[in-house]
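Enquirer: This is the feature table in TrEMBL:
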| type | residues | note |
| --- | --- | --- |
| DOMAIN | B:75-284 | domain 'ABC transmembrane type-1' |
| TRANSMEM | B:12-32 | transmembrane segment |
| TRANSMEM | B:75-98 | transmembrane segment |
| TRANSMEM | B:110-129 | transmembrane segment |
| TRANSMEM | B:141-162 | transmembrane segment |
| TRANSMEM | B:183-205 | transmembrane segment |
| TRANSMEM | B:265-284 | transmembrane segment |
Amino acid sequence: MPQATTEQPRPPASRQLKAHNKSLIRRLGKQWDVQLMVIPGIILVFIFSYLPMYGVLTGFMDYNLFTGANIWENPWVGFKHFVAFFNAPEFERLIRNTIIISLLKFFIGFPAPIILALMLNEVRHMMFKRVIQTITYLPHFLSWVIVAGLTMAMLSTENGSVNMILQQVGAIDEPINFLSLKQYFWSILVSVNVWKEIGFASIVYLAAIASVDPHLYEAADIDGASKFKQIYLITLPSIIPVVVIFMILAIGNLLNAGFEDILLLAANPVLRPVSDVIDTYVYRVGLGTHRYSYAIAIGLFKAIISIGMLTMANYLARRSGNSLW
Amino acid sequence: MLKRISLSDKIVIVVIYVLLSLLAFTALYPFWNAIAVSLNVGVDTAKGGITFWPRQFTWENYEIILQDDRLITGFMISVARVIVGTVSSIFMTALLAFGMTRTYLIGRNYYMVFFIFTMYFSGGLIPTYLLNRSLGLMDTFLVFIIPSLISVWNMIIFRTFFKTLPAGLEESANIDGCSTWGVFFRIILPLSGPVIATLALLTAVGHWNDWFLPSIYITNEKLLPIQTILRQTLNANIVTGQSAVLDSASAALLQKTKQITSKSLTMAMMIVVTMPIILVYPFLQKYFVKGVLVGSLKE
């Protein structure tokens, strides 16, 4: 239990100064009302966040459906499930899809809102700017179910707008069933993600741009710098600290290729060779075929690599002076 | 201020306006099209060509889905989940955050580390599933509410906000004989309108939009929320090409009228599910920009 440290920041009431001398138990008794506010939260977080962490141990065991609450009744098997995963026929394809999809999302999804913010910043008509912002923020608030439904409607062979346009301009003769063809899946997945999040993600960058000193632009104007040069030489460098922080967060998330979006957009099992990622695989073998220990081991494998990546990214950022913690 | 704008600057500006307009159009068009399709006679839609306006206007698609008992139950479950889930989660999280701002709270720094750690590491899907199952949360309404009572992220935002409130208010309330709980209910909560509104709306949207949790924990059809039902319908559409959601009564109606297709019904259903979001969105918008900024600052 902490002692003096918790009380050092400004002790205003004399009540607290006296409490300093009393025993820990008596001090706790005195602040029982505040502890009562915090304890339910601690218990809930313990149950719903920490107990599952302890459940991760079953990744090193053979989980038996009937052991119930006492996981220690399961036999230890060491790294058996990890080895099984590394040798699984799906292994290579899962790793490949996970890495490619997350890299595509990172290289396209990360800069997109920055570019949008830079463009919005150049708009001088407030009304126009507000309308664009309102419309581009909206998709963020829709569920993936809706977004997937709209995507299916847009790409459908039956009255789908994309096929209609392509046919009208003569690019294709027959409607294409986009969501059942492997070669289109990655581009669809990434575009839909950008469509959904670009507006909302741009909010933070817009705020960062708003705090840039306007004198810089005036000076640049006098020096005759073009709009493009001003964006490139003033706005962009000014928001670099914010960009770096968000980049660290994105790198920590790099192995999260996606879950809901892939589950919903790749509803057609034909797409599995290009759509299956670690998370969807864990879901399918874990909840679909009840291979709990195996699925837990894979999930743990991913979590450890993710944490490693986040730590590494933060280390790099710290060296550049913009660390997260 | 009179200023000559160079030609290259003009081009940059024009390109930006065109690109932004295009982006807004692509963001809005899918809804517009879905509404047009949902208001068009289904058989006619199948012929193609519905873009901005319905060709043969009808309310039939909406009439049918609004008579489907399963959808109505699902809608009610979603509404109940949003109300109970949001109120309880915001209350519990705000209470925790208030407790955590008390500088004299013993164990405060340890508690904070305990909470923050869960933002970086979690047990993952399967252990969480096994836990909830062994807690008896399968097939209960409580599975929507209890596991999400505390949001560490929201707690940090609340805490940041509470710290900006003047300390003198609380001291004077204490002198007037107000207990810690009294301070929370009579002073802190009434002053926290904006942050409560932001977080409540975001939490409510999260509850409304969630389809995954019920899809793994709920097998009782009567407890499925609307998003999960919609998901099953879309899935059935893509796999078999026909609507699975409709119960026998609606199927009979469908047989009778023959003007309906699963596509136009699905579109109508999607609009019904999206409507609540579109309706609260104007109220949401003025808050969430601030909310996002506070959230991104952290600590």
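Glycine residues also receive a Cβ, built from the backbone N, Cα and C atoms like all the rest.
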Enquirer: Taking the transmembrane segment (B:141-162) as reference, which of B:12-32, B:75-98, B:183-205, B:265-284 has the most Cβ pairs under 8 angstroms?
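Expert: Going through each listed stretch, the top one turns out to be B:75-98.
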Enquirer: Determine whether the transmembrane segment (B:183-205) and the transmembrane segment (B:12-32) share at least three Cβ pairs under 8 Å, counting only pairs 6 or more apart in sequence.
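Expert: These two stretches do not touch.
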Enquirer: Sequence-remote contacts (6 or more beyond its ends) of the transmembrane segment (B:12-32), Cβ cut-off under 8 Å?
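Expert: Residues 52, 271, 274.
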